[in-house]
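Visitor: Shown below is the structure under consideration.
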Amino acid sequence: MRELPEFPWDVLLPYKKRAAAHPDGLVNLALGEPVDATPDVLRDALAAATDAPGYPPTEGTPALREAAAAWLRRRLGVTVDPSAVLPAVGTKELIAWLPAMLGTGPGDTVAFPRLAFPTFDVSARLAGARGRPVDSPLELGSEPVKVVWLNSPSNPEGRVLSVPELREIVAWARDRGAVLVNDECYIEYGWDRRPVSLLDSAVCGGSHDGLLAVHSLSKRSNLAGYRAGVCSGDPALIGRLLQVRKHAGHAVPAPVQAAMVAALEDDAHVERQRDRYAYRRRVLRTALEGAGFRVEHSEGGLFLWATRGEPCWPAVQKLADLGILVAPGAFYGEAGEQYVRIAFTATDERIAAAAARLT
């Protein structure tokens, strides 16, 4: 394992303290953490499954795998066999350990976007591999690479890759025998452009060989506190992950698996949450642009990627003086040093407070 970086949210604590001193209180737009209530149908399913004296199946209950496969088909137009679905104890742990679980190690390369969720870099470090930030995997050419991370819609900038872009990357990865993984945790939150799954037949030609897609229930279902996600795709890769996870004890608790079934079977709560986020996004974007920020990309996901042409840390401090906490773009790579990432996951009241302070 290579040395790990400092945990980014620890670095932000002094700015959080500064923002919290505002007379009207803190508006936390940094983390992107769900704040709306977990839907009753999910909580009821969890409560009904709390008599769980035995160990849960690492591969997931049949009901969970079938619900996930049905959700993929219904919402994303993707066909997978339920056996090619694997639950995760939240997708962050899966992302962090996936290269290592697939046998990646010293001398191997793990590629990820130049602007990226920090855990992609951590996944290379935990495997002892070399992390390679790229604007596009295609720039690697014939350079050997073991695992390639995509993130569409992306965090932090909210970019959505098109079908032709994804198709070209799939062909490139297959030519080199690289495992290609798309973190699709924001796929149900496309705004200006419709996100498409890596497993869509228009992208992969109907074959999932060498491909995996990772889906989080934290954002779509307000389940961050439950730690729940799924991975699907190439059955052989899913099988390899399952074997490691069985040995490591990476099983989702049985009550959480029951709640996941309820979440994946119900679309109504997702549409309600989309409406909430669409409203908050609109209010916040208008206020930011009125305050001189330029919002770039942000076509999908739960963040606005914004700049006023100044370094990110002074921008973070100025916003903290207004009682608004945001994430510095430098957390996501050198290419983000002129940007801040602003989440619209706070309550309507806190979003309104932020908008008022920006005007």
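A Cβ is built for glycine as well, from the same backbone N, Cα and C atoms used for every other residue.
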Visitor: Where Swiss-Prot shows Thr91, Lys92, Asn155, Ser216, Leu217, Ser218, Arg227 binding pyridoxal 5'-phosphate, which of Tyr55, Tyr186 is named for the same site?
Guide: Tyr186
Visitor: Among Gly25, Gly32, Gly225, Gly233, which residue does Swiss-Prot annotate as binding substrate together with Lys92, Asn155, Arg341?
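Guide: Answer, per Swiss-Prot (substrate site with Lys92, Asn155, Arg341), from Gly25, Gly32, Gly225, Gly233: Gly32.
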Visitor: Distance between Arg227 (pyridoxal 5'-phosphate binding site) and Lys92 (substrate binding site) at the Cα atoms, whole Å?
Guide: 9
Visitor: List the same-chain residues at least 6 positions away in sequence whose Cβ sits under 8 Å from the Cβ of Gly32 (substrate binding site), in sequence order, or say none.
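Guide: Once residues fewer than 6 apart are set aside, Gly32 (substrate binding site) is near Asn155, Lys219, Leu302, Phe303, Ala343, Thr345.
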Visitor: Can you check what DSSP calls Gly32 (substrate binding site), collapsed to helix, strand or coil?
Guide: coil
Visitor: About how far apart, in whole Å, are the alpha carbons (Cα) of Leu217 (pyridoxal 5'-phosphate binding site) and Lys92 (substrate binding site)?
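Guide: Spelling it out, the Cα of Leu217 (pyridoxal 5'-phosphate binding site) and the Cα of Lys92 (substrate binding site) are 11 Å apart.
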Visitor: Can you tell me how far the Cα of Arg341 (substrate binding site) sits from the Cα of Tyr186 (pyridoxal 5'-phosphate binding site), in Å?
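Guide: Between the Cα atoms of Arg341 (substrate binding site) and Tyr186 (pyridoxal 5'-phosphate binding site), the distance comes to 15 Å.
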Visitor: Can you give me the Cα-Cα distance between Tyr186 (pyridoxal 5'-phosphate binding site) and Lys92 (substrate binding site) in Å, rounded to a whole number?
Guide: 13
Visitor: Quick one: of Thr91, Asn155, Ser216, Ser218, which of the binding-site residues has the smallest count of other CB atoms within 10 A?
Guide: Ser218
